Amino acid sequence: MLYKGDTLYLDWLEDGIAELVFDAPGSVNKLDTATVASLGQALEVLEKQHDLKGLLLRSNKAAFIVGADITEFLSLFLVPEEQLSQWLHFANSVFNRLEDLPVPTLAAVNGYALGGGCECVLATDYRLATPDLRIGLPETKLGIMPGFGGSVRLPRMLGADSALEIIAAGKDVGAEHALKIGLVDGVVKQEKLIEGAIAVLRQAITGDLDWRAKRQPKLEPLKLSKIEAAMSFTIAKGMVAQTAGKHYPAPMTAVKTIEAAARFGREEALNLENKSFVPLAHTNEARALVGIFLNDQYVKGKAKKLTKDIETPKQAAVLGAGIMGGGIAYQSAWKGVPVIMKDINDKSLNLGMTEAAKLLNKQLERGKIDGLKLAGVISTIHPTLDYAGFDRVDVVVEAVVENPKVKKAVLAETEQKVRPETVLASNTSTIPIGELASALERPENFCGMHFFNPVHRMPLVEIIRGEKSSDETIAKVVAWASKMGKTPIVVNDCPGFFVNRVLFPYFAGFSQLLRDGADFRKVDKVMEKQFGWPMGPAYLLDVVGIDTAHHAQAVMAAGFPQRMQKEYRDAIDALFDASRFGQKNGLGFWRYKEDSKGKPKKEEDAAVDDLLASVSQTKRDFSDDEIIARMMIPMINEVVRCLEEGIIASPAEADMALVYGLGFPPFHGGAFRWLDTQGSAKYLDMAQQYQHLGPLYEVPEGLRNKARHNEPYYPPVEPARPVGSLKTA
């Protein structure tokens, strides 16, 4: 053994070939600060071996290196810019030493090589991969850019266009594509990986492969003519401006850095990467996006812990076909859980099966599946008008009309047709689970399971724990949701649960703005372009359905009369009374026509202004800041109340539910991350200016306490250790 660290070791393999093996404790390798330091120490040993002929890098895990240790990011990003820059210089000196070894080097890459893992293998001369490879640089999705030389080496290896596509979009690619673009040099089966790697190294050692020529382009300026450079970078900047926009600075910074570094060799180019990375790491966007990643890990870990002793349901059923039922059935079948889809008429069943078939055909068109797989999946969805097969079902989700009487009747009937241990769930969006449970003999086997539309795209499923829901019931439904590829978040019961409970105060803020003379078009524009929502409130209401929102608004008002009962006729009432139900019938706040792809495209409709005139005062202009404040304060206050009342268990779960269920702008990180970034005291000062607008604008006492004591909702993060100590393992 030449060197043994906590996460890697170095040893002789054969004939002057050494192997550096990443083998961290636990299930995966991460390129954390300790591993970078350990790699430097291993290279120091290696540099003294005069009989060294070649170096093989490999992993003892199912994945090569999954990336940097993102749990370290928030503390690293808190160190002063100069110290962070120094540490990056140190880390890059380690990878430069790997790249500068006087012998050929090869990385045998299995599974994932992402972020720092990818940057590590870019420093080797050759890369051999297994068919399950996923390799790429996802840093821009975290609000930063590659910092270990990825933005320098990748363009010089692949050419500007392919590298820009991967770096700016934060993409990873599979083995076949990586081979095509030159990111790896060969693909071999896992059992042949080491044998193949040694064979390539031997060819390089004997001179049959010119490893020096392979290495040289990574050390030089990017080989692009002025015209080629202008075309590549102009196109890339245009694409990034269109897709990322102003709220996500990292992709544009990465493109501009690669452009600026193109005319320099490795050392100068790395200095430019360093100068661009450090300011990005100190942005609110980076903290928010890293926070989302960590919250996602927390939520998934919580679900895994909850279901560790639970067997995933093997047979499911959906009550109520149609678009929603068909979407749920598709998702379950697609992920391997057969499903019975029951309805009371053939028309609805046909609609549900058509929806499932449409979604599968899209997978076929994209090349994700073949005809055989499509037929196999669709055959596991069994449409029926009766309860045949329900005695074999492990879990049933009811997705009928949003009417408590109908839902109670359907659930009570179904309870008599299933085994005593079968779990029943309701896909209600607003009706309290306790109310629906009153119709059941076994309420402990019942809970809520709120999917979001469209089911196949929306990652969140709200799991609602009723007063009598058992832990086993919750665990079974969480297990099914996880199996479906969804992110389940458990909340406690109340009208609207968590997501809709906080959404309708936001809509109420919108209605009050229109009542006071705001133009809905400007409100939409400000909330989309300035705050960053994917849709403004008017557009969102049209997509949800004005009729659906009108009904839900009444349910929420009955549940929370003190705050959500309104004493005036609002825009939603006016549109509902005029049968303008939104996208579903082509008329809402906007008029909708199908585009060439059959998707609804919104257009202005002057007729809506006459309708809204009856429920609004004389038009007046509002500043962007006032619109944002009046829209967001009711939502933020309600989110805080939900945490204080125990409806949602933690700021992390609340923020993930908002991002995954409502599209809360990820660069803000969620409501609690946004609050912490603003500071509770600053938020309180802003909110107090609008308290005269009613109870929805009254700040909860818990938040006032946070403001008084200057306390954040997330635990404070301590800066990383001094840079000098990070240079040792």
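For all residues, glycine too, the Cβ spot is worked out from N, Cα and C.
Going by Swiss-Prot, these are the annotated features:
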type	residues	note
REGION	1-189	region 'Enoyl-CoA hydratase/isomerase'
SITE	GLU119	site 'Important for catalytic activity'
SITE	GLU139	site 'Important for catalytic activity'
BINDING	ASP296, ASN500, TYR660	substrate binding site
REGION	311-729	region '3-hydroxyacyl-CoA dehydrogenase'
REGION	708-729	region 'Disordered'
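Feature annotations (Swiss-Prot) mapped to structure.
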| residue | record | DSSP class |
| --- | --- | --- |
| GLU119 | site 'Important for catalytic activity' | helix |
| GLU139 | site 'Important for catalytic activity' | helix |
| ASP296 | substrate binding site | helix |
| ASN500 | substrate binding site | helix |
| TYR660 | substrate binding site | helix |
ASN500 (substrate binding site) CB neighbourhood, other CB atoms within 10 A: 22
TYR660 (substrate binding site), number of other Cβ atoms within 10 Å: 24
Among the substrate-binding set ASP296, ASN500, TYR660, as the record gives it, the longest Cα-Cα distance in Å: 21
Residue with minimal Cβ packing [other Cβ atoms within 10 Å] among the recorded positions GLU119, GLU139, ASP296: ASP296
Pairwise CA distance, GLU139 (site 'Important for catalytic activity') versus ASP296 (substrate binding site), rounded so that it is a whole Å: 16
TYR660 (substrate binding site) to GLU119 (site 'Important for catalytic activity') - Cα separation in whole Å: 30
Rounded distance in angstrom between the Cα atoms of ASN500 (substrate binding site) and GLU119 (site 'Important for catalytic activity'): 43
Whole-number Å value for how far ASP296 (substrate binding site) lies from GLU119 (site 'Important for catalytic activity') (Cα to Cα): 24
